[in-house]
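Colleague: Input: one structure, supplied below.
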Amino acid sequence: NSETLISILALFWFCWLWQHEFWLPPGITWQDMQESEDVHYPQPRDLLLSIPFALILVVIRCAFERAIALPLSSKLGVRDKQRPKAQPNPMLETFYSTRCKNPEEGELISLAKQCDLPVRKVERWFRCRRNTDRPSLSKKFCENSSHIRVAFSFQKPWLWDHRECWTGYPQQPLQPSLFWYYLLELSFYWSLVFTLPFDVKRKDFKEQIVHHAATIFLISFSYCANYIRIGTLVMVIHDASDCFLEPTKIFNYMKWKKTCDSLFMIFSAVFLISRLVIFPYTVLYNTYYYSMEIFQPFFGYYFMNGLLIILQLLHVFWSCLIIHMVYKFILQGTVWIGFYSPVHYMGREGPPRPLGRTGVHLGWIPSCPSEIIHVHS
């Protein structure tokens, strides 16, 4: 029957996909990767542990935000603006909830006729209603506080001698410290996926989903293919700048402009150096040339390097935006780099207004390809 045929095709596809010629260097088979009592290699089933760990992180985050971050925000001077509420109107509320939150001019005219209201008043109602849904500063503060990450440092030889990444590859036993590092990183990104529906909705919501999915795939692939030493290099390099990101936004919400400005410049410097200098040398050069001293190219070699090249192209793209942003911040005083939908920018809410020379306003700085930069100085 059809179910049996599908099962056979799936089994054939699985067996074909995991041929050792694809994922292991020439001369190595899956039999050579068998575990023993003293030697353990990465196993795909290990990654399933990241799901319950991610749920634990979600619980910890919720408890932290309610018990610590929210009271702390008020003590540190984070104040929510009082926003006028829209007057109750069932017809406009139904349109807002089911069809569109920012209607076109023709829709505004039609709604005004149905409600027997001036067009300007209907337009003002939608503006107030949208402002009501906007997340408060305290919510942003709590969310960013729970996203603070620490850059881990390992005293591993391959962090300094990059040829050590390939010594004995692929028969490199899994070390407990690296296992837990991978598990925590993967669990962290799964927790971000689980909380996306409840987090602050930014304009790059879809891009965030794509980014988190790509990150989970890259971490999982490097673990399953035992590229763990290269994977740790990539994650440490990225964590080096990410650990400055959330504190920068937190100090911005607290109105500590000088501290925010200083952290922003530090973040920019670390981001540019780590992504444009350290990453090409320690990762790209390493995987392209040092690996060739150990084995001949195979499909997994090309696949991994292709992913890393794509990642580096994204680094270059976002680095250009950061350089442009820093230039504007230093010389011109007003910067806003982001993406706007045509409706949002057509005048109903207007373009972003400069706040004067009061420092950097960070809505979403890119530590990864999907993120958007919002800056005022």
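Here the Cβ of each residue, glycine as well, is placed from N, Cα and C on the backbone.
These numbers come from a predicted model, not from an experiment.
TrEMBL lists these features:
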DNA_BIND  94-137  DNA-binding region
DOMAIN    92-136  domain 'Homeobox'
DOMAIN    131-331  domain 'TLC'
TRANSMEM  47-64  transmembrane segment
TRANSMEM  179-197  transmembrane segment
TRANSMEM  209-228  transmembrane segment
TRANSMEM  263-282  transmembrane segment
TRANSMEM  302-327  transmembrane segment
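Any idea what these are sitting next to in the structure?
Modeller: Across the domain 'Homeobox' (92-136), the model assigns an average pLDDT of 83.
Residues 145-146, 183-184, 186-188, 190-191, 193-195, 220, 223-224 of the same chain lie 6 or more positions beyond the ends of the transmembrane segment (47-64) yet place their CB under 8 Å from a CB of it.
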Colleague: According to DSSP, how is the domain 'Homeobox' (92-136) divided among helix, strand and coil residues?
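Modeller: Residue counts for the domain 'Homeobox' (92-136) by secondary structure: 33 helix, 0 strand, 12 coil.
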Colleague: Should anything in the same chain at least six residues away from the transmembrane segment (209-228) have a Cβ under 8 Å from its Cβ atoms, list it; otherwise answer none.
Modeller: 23, 33, 41-42, 44, 46-47, 169-170, 172, 174, 178, 182, 185-186, 189-190, 192-193, 196, 234-235, 300, 304, 307, 311, 368-371
Colleague: Under 8 Å between C-beta atoms and at least six residues away from its ends: which parts of the chain pack against the transmembrane segment (179-197)?
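Modeller: Residues 42, 46-47, 49-51, 53-58, 61, 149, 152, 154, 205, 208-209, 212-213, 215-216, 219-220, 223, 228, 231-232, 235.
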